[in-house]
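According to TrEMBL, the active site, proton acceptor annotation covers LYS489, TYR714. Taken from TrEMBL, the feature substrate binding site applies to ARG586, MET763. Sequence annotations record features per position, and here TrEMBL assigns domain 'Alanine racemase C-terminal' to 693-817. Residues or ranges marked as N6-(pyridoxal phosphate)lysine in TrEMBL: LYS489.
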Amino acid sequence: MSESSYTIQQIAEQLNIGSFKVKYDTLISTLLIDSRSVISPETSLFFAIQAHRNGHEFISDAYASGIRSFVISDPAYADLYPDANFLLVNDVQQALQQLAAGHRSRFNLDVIAITGSNGKTVVKEWLYQLLAADFNIVRSPKSFNSQLGVPLSVWQISSEHTLGIFEAGISKSDEMTQLAAIIQPATGILTNIREAHAEGFASPKDKLLEKLKLFKDIKLFIYSPDYTTGVAVKDLPGERKFSWSTTVKADLEILFVEPIKGRNYIRARYKDEEIECLIPFSDRASVENGIICWATLLAMGYSPEEADLRLEKLTAVNMRLTLKHGINQCSVIDDSYSADISSLAIALDFLRLQNQHVIRTLILSDLYETGKSDKDLYTEIAGLLKQKQVGRLIGIGEHISAFAGLFELESSFYESTQDFIQNFPAMHFSNETILVKGARRFEFERISKLLTQKIHDTVMEIDLNALANNLKYYKAKLKPGVKVMAMVKAFSYGSGSFEIANLLQYQKVDYLAVAYADEGISLRKAGITMPIMVMSPEPSAFEAIVKHKLEPELYNMDILKSFIDFLPDTQFSYPVHLKIDTGMHRLGFEEPDLPDLLPVLRLEEKIRIVSAFSHLAASEDAQQDEFTAYQLQRYNTMAATIRAELGYDFIRHISNTSAITRHPDAQLDMVRIGIGLYGFDSGIKGNSGLHTVGVLKTTITQIKKVGPLETIGYGRRGSLPGGGTIATVKIGYADGYRRSFGNGVGKMLVDGKAAPTVGSIAMDMCMLDITGIDAKTGDEVIVFNDQLTIGDLAEQIGTIPYEILTNISQRVKRVYFYE
Ligand SMILES: *Cc1c(COP(=O)(O)O)cnc(C)c1O
């Protein structure tokens with residue numbers, strides 16, 4: 001057992017729970033806030049955190065997965081299970097923080113704390129890379145920097161560690177003091193202060209002062225005066241201060257930054273000498289993050305020569321897992337960045353979330369976990385694989401091979417990546433989800449390349465975390481108890497099928513809705529088991545609908561009667577949904593239809609109305625609010641009539657995305673979220689609070705100089721009157737980049753700058769005017785992202801974002817990211 005084990009009694013004492021009786025005697029080593037990510041249930045303590053949903057609701061799930069110890073604040077749950085420990089506190093989040101702070105205090109460990117608007121995670125990961133040779137480092141997993149993330153990070157500290165690096169982020173005033181008490185840092189790094197996340201603070205200075213509370217008791221403060229304007233140096237924290245700046249005098253005074261071949265050469269003045277370093281990245285953010293790391297190394301006493309040597313070897317921080325289409329109907333999750341146990345657990349969670357294939361395979365290299373014996377390490381991993389339902393293991397490396405006997409699943413082992421690759425042609429991979437996870441030195445990207453299909457150079461990247469965050473955003477706007485139906489029709493608004501549905505099922509939305517039976521059937525075949533409504537059920541698809549337990553929307557007497565006729569007489573209570581037309585005039589029963597409908601519903605036992613719903617025609621538009629109110633009122637009246645006739649309750653729903661925030665009184669029993677999940681809501685100004693989910697990228701195939709008299713493209717419609725440079729890119733109208741974007745109407749981002757189209761859009765390509773932009777063949781070009789949004793594109797050609805998204809053709813490969 002590691003030092004982070006406490007008896008449940010000790011925990012109760014730390015939380016000042018007076019009369020606690022042990023019901024399940026155990027040692028606690030893991031703190032858990034999500035009932036879905038259980039690794040070792042007996043030794044986990046579950047915190048019923050009050051977040052978007054009440055954590056107490058997940059106690060039964062957690063109990064079912066074997067957890068027997070809970071921290072709760074609602075006394076109603078205190079005696080739920082006679083064989084489980086319930087620790088009753090006033091505030092569950094505070095209890096988590098208190099335990100973590102107590103744990104932290106037991107270790108006399110030097111800790112670096114990082115805060116700021118951007119760059120926290122990169123600086124943390126880079127410092128880890130730079131210092132790992134000299135220290136046994138414990139650090140925040142991923143970007144765990146919140147009121148919950150920080151305590152979970154700090155809980156990992158054990159006696160083997162000689163340095164901690166933790167990041168801290170805040171979203172509102174008064175949060176930092178808590179984090180300071182948990183982290184107890186000796187060194188503080190302020191990365192920068194930007195307008196981003198300015199919400200919640202009266203002014204930028206207030207934000208700075210709040211962030212500085214993290215550093216109240218530190219010994220060393222590393223910062224740039226460029227970001228501390230308004231605060232006198234004497235009021236900055238730290239017995240010792242180390243400053244860096246590109247504009248004013250500082251301990252590390254940057255003289256110039258010069259890009260060379262994708263890297264940046266930096267010269268600076270330090271202790272009256274000129275020193276230099278090379279940052280192996282070309283973008284501006286990496287230069288700043290690199291300088292912060294440079295300053296930190298120097299402030300810690302490393303020589304300029306040593307610092308330069310180490311900085312040059314920095315590697316990209318990619319915390320995201322990538323899900324791609326693989327060979328032979330496989331799905332491949334690529335995670336060859338970090339290989340430690342906590343990131344393995346996270347990746348295995350993502351693997352387990354994939355239901356599209358029955359077999360889940362893991363290709364894993366030796367792990368370099370400091371401070372654990374190989375035997376302990378691989379025993380723990382073997383337990384983890386069992387817990388996460390991995391079906392097959394391919395171990396690569398001498399260490400994991402030596403412990404082959406520990407793994408109780410189908411497994412094979414190879415000495416090296418090369419050894420695996422040589423044997424690859426004889427191996428069999430088909431219809432399975434494969435997680436490729438290896439330490440950097442194993443170069444597993446070579447394995448991923450063998451397993452994945454070549455990607456056509458235009459891809460749509462889908463950020464699954466952004467989607468989950470958008471869902472959270474809307475859930476937070478819902479009144480208690482309101483259910484969520486997620487609209488995944490039209491290939492999830494162009495974003496994917498089972499990839500999106502798996503996530504939504506995992507996030508426990510209540511319903512999915514598709515347009516056609518085919519879409520629902522694909523989801524069932526991909527292992528989606530939650531309820532699915534089909535909005536346009538054709539009679540020819542009834543058989544498939546019933547076979548796959550899909551729930552049809554019935555919108556008029558014909559379809560209602562033919563569905564009832566189709567059902568065998570033995571059928572009882574088949575779930576269906578009634579569509580009511582309250583003014584949209586698309587599908588649905590209208591008020592005059594009720595006298596025909598009601599007697600059928602009353603007598604018919606083959607079906608059961610699970611929900612009756614209507615659709616708003618203009619919920620996003622303030623000018624139509626009166627009409628929206630009228631639709632709601634009509635719905636309520638008709639729903640009440642149907643309810644009275646049926647004699648049982650059904651789910652009532654009318655809200656689409658924009659109605660959720662704009663018309664809270666229309667939330668009823670459930671809302672149907674569509675475009676908002678994918679990051680767009682025309683009812684919210686500037687989409688504020690939503691995250692961009694899809695990024696469409698293409699590449700430059702060729703670059704040409706054209707003279708003033710030459711023409712470009714079909715019909716000779718394009719020209720550059722002053723002459724210039726054009727780039728041909730690999731996207732055309734067959735990919736969904738409409739012809740109407742041609743002749744300068746549309747723009748794409750090349751090297752971050754807007755480049756207008758020239759001439760007509762062709763089927764598979766189009767041309768951009770890149771005069772004055774630094775670009776070369778093979779460079780990436782952004783069609784839309786969070787800067788150039790689907791809203792902007794829609795405006796350019798006079799349509800709506802829905803159409804931009806759903807137009808992206810299926811031949812554009814989707815790649816999924818998950819953190
Ligand atoms: C598409 C659709 C929605 C979702 O609309 P958004 O504006 O994308 O939220 C809701 N209800 C029905 C019936 C739909 O067809």
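Using N, Cα and C of the backbone, Cβ positions are placed for all residues, glycine too.
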Spatial separation of ARG586 (substrate binding site) from LYS489 (active site, proton acceptor) - C-alpha basis, Å: 17
Pairwise Cα distance for MET763 (substrate binding site)/TYR714 (active site, proton acceptor) [Å, integer]: 11
Recorded positions compared (LYS489, TYR714, MET763) - highest count of Cβ atoms within 10 Å: LYS489
Reduced DSSP assignment, MET763 (substrate binding site): coil
Distance, ARG586 (substrate binding site) to TYR714 (active site, proton acceptor) (CA atoms, angstrom): 40
Spatial neighbours, same chain, of ARG586 (substrate binding site) - Cβ under 8 Å, 6+ residues apart: HIS615
Helix, strand and coil residues within the domain 'Alanine racemase C-terminal' (693-817) as assigned by DSSP: 23 helix, 45 strand, 57 coil
